[in-house]
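Per TrEMBL, these features apply:
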SIGNAL    1-24  signal peptide
DISULFID  CYS60-CYS408  disulfide bond
DISULFID  CYS264-CYS278  disulfide bond
DISULFID  CYS432-CYS438  disulfide bond
Amino acid sequence: MLKEGMNIMILLLVFLAITQFSNADEPFDVRKHLATVTRYADSKDISANSFVSSEIPDQCTPIHLNLVARHGTRAPTKKKIRELDALDAHLEVLVRDAKEHKQSLEKIPAWLAGWRSPWKGKVTGGELIAEGEDELYHLGIRVRERFPDLFNEEYHPDVYSIKTTQVPRASASAVAFAMGLFNERGKLGPGRHRAFAVTSESRASDIILRFHDCCQSYKAFRKSQEPNVDKLKEPLLNEITRELVRQYGLNFTNQDVSSLWFLCKQEASLLNITNQACSLFSPSEVSLLEWADDLELFILKGYGDTLNYQMGVPLLEDVVQSMEQAIKAKEEGYAPGIYEKARMRFAHAETLLPFSCLIGLFLEESEFELIQREESLELPPKPPKNRNWRGSIVAPFAGNNMLILYSCQLDNSSKYFVQVLHNERPIALPGCNGSSFCPFKVFKEKIVAPHLKHDYNMLCDVIEQKQKDSAST
């Protein structure tokens, strides 16, 4: 018996060793390191081991779904197209200068010598591309398959609410998602599509999905912090620029390197090209550039400052209110078809990130206690140290949070529970003892309530904020 146990132990150790070796030997794929430019499929792949498993008790039935989603993969914005145009022109000058000084051109990659921006001459940008449509369309199909009891009724806009910002890539994402969600539920065309309503608020007053655009205090904060972020990035860019100059013999500037990294992300994510701009950087340099992007994301949109997520309180209130209404409908026995079963929202990284912070995702329990006390967190550690905060996981294209409200017939006193899914996988809630299946009462008291003391108008009005700050000093 002892010998048999030893043999099993040896086999287990061998298996673990082989598993670790195969993981370590896995080829480096730059497409999994593109920060918030990461495609959804690549993000779901890299995050496979990042989430807790969750078994929902048989006595529990989903009664309401909240979705907060980022738009799918999009084309570069007009501002970024201009940056690539400038890179195009400067690379041409660098290559010409090298020829004029009779430098050896053998070091220069062939693609670079004749590169022209694929977006050159475009006067529009930022639109949802075909790959982005596909991401949201299939997300809609999977949501319906996963929660058939929630989507078994005839469509009505009051039962299945679809909200979006007025930015075209977000509204197009909402349409693509709903086409998948209600696929073959109508009578339109060969695909048996059906019409559905997508509503939005004015950009000037949308404090639920574009709170960052309406918050003057945040705009002032971001403007003040951007130079500090640039200063944090500068040593890293200096180091990589020196290496590229040495390696390729071209007089790259820090701006060139920054633009080449952006080009790498666009080529890899949108065009599936990894052997051009991305090939200029070693895996360790890619990891550092990704970390620099994550740093900026953390400081300007994440846990780096409490204002970043406190301004998202109207969205949090909207989510909780929808769940309370679903509980009321359940308690009072409303007939099917007269109450909302799902509220689905399509917006931006600037929406998804603060919402993730409000419910405490990607934190250790000790860090969650810090944000509850409104204390600052340490910046994400530099590679090769591990970090929870990675833009490629937190907010990739089509990234999403789903909060599923369950009604449970259990022996304990809690009847309603909330399950949080991030990118369709259960994720631990530090505010609920690390569980992804949280009693609704605990969710409200421990996670939501501490944020509700903040009033959006007080936070976001610059004049009122200055008066409040001066009064406290």
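Glycine too: its Cβ is placed from the backbone N, Cα and C atoms.
Note that the coordinates shown come from a computational prediction; the quantities given were computed from them, not determined experimentally.
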Count of other CB atoms lying within 10 Å of the CB belonging to CYS432 (disulfide bond): 21
Disulfide-bonded residues listed as CYS264, CYS278, CYS438, least Cβ neighbours within 10 Å: CYS278
Residues near CYS60 (disulfide bond) in space but at least six apart in sequence (CB under 8 A): TYR406, SER407, CYS408, GLN409, LEU410, PHE417
Pairwise CA distance, CYS278 (disulfide bond) versus CYS432 (disulfide bond), rounded so that it is a whole Å: 41
Cα-Cα distance linking CYS264 (disulfide bond) and CYS438 (disulfide bond), given in Å to the nearest integer: 41
CYS264 (disulfide bond) to CYS432 (disulfide bond) - Cα separation in whole Å: 39
Other CB atoms, at most 10 A from the CB of CYS408 (disulfide bond): 19
